[in-house]
Amino acid sequence: ENFVGGCTPGYQRTADGRCKPTF
């Protein structure tokens, strides 16, 4: 489980601490 920011797979944590989809 090496997710950036600990978000759901396919999502990335933004600067404001939210998880947004990368697709």
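For all residues, glycine too, the Cβ spot is worked out from N, Cα and C.
Mapped onto three states, the DSSP output places Cys7 (disulfide bond) in coil. If you look up Swiss-Prot, you'll see Cys7-Cys19 marked as disulfide bond.
Of all the Cβ atoms in the protein chains shown, 16 others lie within 10 Å of the Cβ of Cys19 (disulfide bond).
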